[in-house]
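Colleague: This is the feature table in TrEMBL:
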type: DOMAIN; residues: 161-258; note: domain 'Copper amine oxidase N3-terminal'
type: REGION; residues: 290-310; note: region 'Disordered'
type: ACT_SITE; residues: Asp376; note: active site, proton acceptor
type: MOD_RES; residues: Tyr411; note: 2',4',5'-topaquinone
type: ACT_SITE; residues: Tyr411; note: active site, schiff-base intermediate with substrate
type: REGION; residues: 561-582; note: region 'Disordered'
Amino acid sequence: MSLKTVLILLGLALATIFALVCVLLTRERSPRRCQHLPPEQEDVEDSQSLVFADLTPEEMSQVVRYLQGHLGVPLVDASRAKPSDNCIASVDLQVPAKAEVLRFLDGGGARPHREALAVLYFGRQPEPNITEYVVGPLPAPAYHRDVTVHKYGGKVPYHRRPVTGKEYVDIAALVQRELKKAPRFLAACCESDGTNLVILTTAPRGFKSGDRVTWFVLFHNVPGTGYYLSPVGLEVLVDHGDLHVSRWQLRQVFYNGRYFSSTGDLEQEFVAGALEVVRLKQPQAEAVLGSMKPRRPPGSPGPLQFEPQGPRYSVRNNRVTFQGWSIAFGMNPNTGPRLFDIRYRGERIVYELSLQEALALYGSNCPGGMSTRYLDGSFGIGRFAYELSLYYGGLRKNTLVIRTISTLINYDYIWDFMFHGSGAVEVRVHATGYISSSFLHGRGTDYGNRVGPHTLGTMHLHHIHYKVDLDVDGQLNSLESQDMEYEFVKDPWSAQSTIERPYLRRERLEKEDQAAFPLNAPMPRYLSFVSPNPNKWEHPRSYRIQVISFAGKHLPTSSSMERSISWGRKEEEPTSTSIYNQNDPWTPTVTFADFINNETITNEDLVAWITVGFLHVPHAEDIPNTVTVGNGVGFFLRPYNYFNEDPSVDSSDSVYFSSEEDVGACGANPLACLSSATTCAPRLPPFHFGGFLNLSLAPPLGGL
């Protein structure tokens with residue numbers, strides 16, 4: 001593989017992608033059966049959804065041909081265009097204005113003209129710029145209008161344009177030429193002559209408006225796996241702002257904590273023996289860090305989902321339907337997936353639901369890492385949406401779930417304990433069943449919502465308390481918090497600008513008071529039970545506690561009942577409460593708050609007491625029963641440096657194949673064998689139901 005390039009694509013065939021997505025639908029309870037539309041109405045709605053459909057390849061070709069013949073300037077294909085050329089960077093659907101679409105969908109108005117939005121880079125002009133044109137009507141364009149100033153309030157400067165694939169290729173060639181000036185250094189540091197190294201871009205490109213200066217990080221290229229985990233310690237700063245590629249320059253070189261003005265200077269320092277070099281072996285594909293190739297042969301197939309009467313969803317053109325849902329889908333090359341006209345049982349719930357941007361902000365003591373703030377829309381979230389790329393590595397997800405359901409008066413609690421192949425434990429509770437209600441009178445809606453003729457659904461809190469006695473690599477553990485802070489530093493390579501660099505703040509919590517976090521109070525983003533023993537990379541073996549909770553406010557501490565549920569503020573103590581607290585909460589038998597007496601918690605047998613919960617304001621959709629969707633809270637116990645890598649790579653459920661292999665062959669892809677492995681109807685176990693008796697033989701709650 002050559003140095004990595006980023007390709008500008010004009011369009012993607014997306015129907016297959018979304019067809020795959022649509023299969024991954026979760027099941028939820030519905031009080032009524034879905035009502036299917038008559039075929040003629042289905043056809044009308046399919047036709048209406050096309051107002052949101054992505055451009056077809058033929059429509060994009062028509063737009064390109066129109067622009068080539070009507071702009072009066074030469075246009076170079078984007079794959080070959082230099083910065084000093086004019087080119088069409090992208091062509092996408094120009095989504096009609098909402099008011100115009102609604103007149104068509106709901107008011108019987110005319111179908112809006114189908115138009116395209118074309119983005120052009122004009123480098124071959126006295127004042128290079130970026131211009132956006134609306135072109136239409138499709139499929140036979142007859143007009144174009146410049147919408148740049150209307151959209152952005154002025155012209156868009158040329159230096160703001162995203163980097164094209166050709167620009168990355170030219171940068172890679174420049175870096176290759178510069179690397180040839182340091183042959184002995186490269187041989188010593190990386191067992192390389194430079195041709196088997198790849199570069200990764202950073203962004204933004206400089207420190208002020210007008211800059212186009214980018215740090216590129218070099219990695220060993222390992223075929224068949226991601227190179228992102230194999231940095232060689234070498235980074236280069238490239239100035240590629242000039243319209244003429246021949247004037248681009250390599251401004252700075254970074255290696256192992258030091259900065260150099262050129263690769264030649266780097267070579268001189270190495271030859272003189274004045275440079276400390278970390279000698280890296282060329283990684284081997286079968287043993288490279290981060291390889292997703294299975295460590296074990298495939299095991300027996302796991303559980304399968306089966307559609308005995310075929311799929312219950314449909315995908316027609318750009319419209320998906322499923323049990324009362326109707327969605328029009330598309331893909332913006334920059335911002336990614338977009339959904340329109342989302343309806344449930346014929347009524348529009350959402351007009352547009354679309355991804356807009358994805359930010360990734362990094363911190364490091366290397367220049368590339370410390371200066372990186374990726375805005376992924378600039379690279380193209382939709383442009384890089386693939387079913388598969390060069391290879392695929394993953395795991396068929398199978399999770400063991402231990403579940404029990406408790407019916408406590410009106411409520412049904414679903415208690416789940418889930419065990420994942422990564423070594424993580426997930427604990428979750430869903431609340432369902434009947435709401436508790438009051439007779440509606442006076443200002444009753446100050447305390448909930450009316451859900452029936454005389455019925456008030458009364459607001460309430462659910463707080464759930466767990467005991468977690470973790471023994472992480474032994475009984476003696478400590479508690480460590482980790483969170484991020486920002487530090488303001490001068491950029492080390494020029495000291496002319498300031499970088500807001502995130503760094504990791506680690507803290508050992510020595511006393512119980514430090515580890516007692518009141519309900520809803522800010523908590524460290526990472527909170528872990530740590531062992532005194534390290535893993536292979538010299539980090540303490542740990543398990544992280546990650547809480548997912550939306551708890552309401554705790555009962556005020558001034559309340560006479562608060563001490564009976566003081567675990568909501570938050571060992572030898574076996575439990576945090578007592579069954580005797582219910583009928584005498586004013587003088588509780590067990591008071592959890594008394595457990596916290598500021599004892600030392602370093603290298604001790606520690607217990608975590610975790611509270612999760614949510615505020616529930618009953619509403620009409622809680623009738624007849626509260627649905628589980630959105631009413632689940634819990635926590636994860638996740639390995640954090642406990643292992644040396646993700647332990648699921650050792651699973652027999654691992655899947656890996658590359659573009660060079662036959663993905664239909666069982667040896668390369670065990671999933672390809674499923675059709676032959678399941679040709680016979682599976683033997684289904686007989687249905688068994690234990691009845692309505694509870695094995696504890698307790699009397700029914702509230703029984704008369």
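From the backbone N, Cα and C atoms, a Cβ is placed for every residue, glycine too.
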Colleague: Do you know offhand how many angstrom separate Tyr411 (2',4',5'-topaquinone) and Asp376 (active site, proton acceptor) by C-alpha?
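Modeller: Between the alpha carbons of Tyr411 (2',4',5'-topaquinone) and Asp376 (active site, proton acceptor) there are 45 Å.
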Colleague: Under DSSP, the region 'Disordered' (290-310) has how many residues in helix, strand and coil?
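Modeller: Split into helix, strand and coil, the region 'Disordered' (290-310) gives 0 helix, 0 strand, 21 coil.
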Colleague: For the residue listed as 'active site, proton acceptor', which residues of its chain lie six or more apart in sequence with Cβ-Cβ distance below 8 Å?
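Modeller: Within the chain, the residue listed as 'active site, proton acceptor' has Cβ neighbours under 8 Å at Glu357, Ala358, Leu359, Ala360.
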Colleague: Summarise the domain 'Copper amine oxidase N3-terminal' (161-258) as counts of helix, strand and coil residues per DSSP.
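Modeller: Split by secondary structure, the domain 'Copper amine oxidase N3-terminal' (161-258) comes out as 29 helix, 30 strand, 39 coil.
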Colleague: Taking 10 A as the limit, how many CB atoms besides its own sit near the CB of Tyr411 (2',4',5'-topaquinone)?
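Modeller: Its Cβ has 18 other Cβ atoms within 10 Å.
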Colleague: Taking every residue in the domain 'Copper amine oxidase N3-terminal' (161-258), what is their average pLDDT?
Modeller: 94
